[in-house]
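Q: Found this in Swiss-Prot, in case it helps:
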{"type": "BINDING", "residues": "127-182", "note": "ATP binding site"}
{"type": "BINDING", "residues": "ASP250, GLU263", "note": "Mg(2+) 1 binding site"}
{"type": "BINDING", "residues": "GLU263, ASN265", "note": "Mg(2+) 2 binding site"}
{"type": "DOMAIN", "residues": "99-296", "note": "domain 'ATP-grasp'"}
Amino acid sequence: MKVGVIAGGISSEREVSLRSGQAVFNALKELGYDVVFIDAGIDLCEKIKIEKIDIAFLVLHGGWGENGAVQGMLEVMGIPYTGSGVLASALAMDKEASKKIFLYHGIPVPPFKVLNKKDYISSAVSLSSFSFPCVVKPAEEGSSIGVNIVKNEREFKNAINEAFQFGKRVIIEKFIEGREIHIGVLGDKALGGVEVRPKKGFYSYEAKYTKGLTEYILPPEIDNALYEKLKELGLKAHKSLNCKGGTRVDMIVDQQGNPYVLEVNTIPGMTETSLLPKIASLAGYDFKGLVKEILELSLKNNEK
């Protein structure tokens, strides 16, 4: 069986994807698999044909690598792949769609509004309808790219303009003061969680991928009942989108202990600072064991 590790891509998360892909490639190599590294570009389909892979291990972050497009291409080609399917990938990447599904399933999310670029440009939206502080983010980006916490109208306008660089819709969320906790899910099990405490600001792109900028509390220092509730909520969010394989569910717990789900990441980072490998260690998985389990889950799903 020949495994193709597909990473890189052309999204704003390319560099992180390459680092994740290299780590996965090295692990599969050490596990004895016949493996090839494929840097995804517009010629991805041709590269896959040339390499004649039997299964794709997807480590693409953002853009068409995580929004269902590559997954759909692989299905047309008849090649199984790791992680979530076309629809689940598309829904998870679209923050507006996923939030509405979470609400339908009784999963709490921060109060939010959606701002369309055409309405904003035409001044059809009154900024006075938004209260501060709030979180402004692109509707379809990951790794906290284009995300800002804003405290006044001037910051709001700058944040909106930045977020619109990444798409035609922007999510504006109520800012929840609290603890940021991430739950790892593998297959149909919640592995555990980690609390992240950025040393400055919020858990930004820089804080996520730069050593020393974030403190990781593993497992979170919370009472056991709340921890179990968060794990149940993480698994419920994963299942509500019909996700497969390994995912990471991001949450905020407010000062009263109320949890809010922010998003589900269908292809979490697999770098040395990434959260899913840290969380998986709580369930007894080292990095190679996690990679092997993700691959084996996709093979089992493909057999069904």
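Backbone N, Cα and C atoms are what each Cβ position is placed from, and that goes for glycine too.
Looking at the shown structure, can you explain where the listed features end up?
A: DSSP gives ARG169 (ATP binding site) a strand state. Counting Cβ atoms from all protein chains shown, ARG169 (ATP binding site) has 17 others lying within 10 Å of its own Cβ.
In sequence order, ALA92, LYS95, SER98, VAL249, ASP250 make up the list of same-chain residues 6 or more apart from GLU263 (Mg(2+) 1 binding site) whose Cβ falls under 8 Å from its Cβ.
All protein chains shown were included, and the count of other CB atoms within 10 Å of the CB of ASN265 (Mg(2+) 2 binding site) stands at 23.
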Q: Sort out the sequence-distant neighbours of ILE176 (ATP binding site) for me: same chain, 6+ apart, CB within less than 8 Å of its CB, listed by position.
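A: Correct list: PRO110, ILE252, ASP254, TYR260.
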Q: Please report the number of other Cβ atoms within 10 Å of the Cβ of GLU162 (ATP binding site).
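A: Counting Cβ neighbours of GLU162 (ATP binding site) within 10 Å gives 17.
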Q: What three-state class does DSSP give ILE176 (ATP binding site)?
A: coil
Q: Judged by the number of other CB atoms within 10 angstroms, which among CYS134, ASN148, GLU155, ASP250 is the least packed of the binding-site residues?
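A: Each of the binding-site residues CYS134, ASN148, GLU155, ASP250 was scored by Cβ atoms within 10 Å; lowest is GLU155.
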Q: Given the binding-site residues CYS134, ASN148, GLU155, GLU162, find the one whose Cα is closest in space to the Cα of ASN265 (Mg(2+) 2 binding site).
A: ASN148
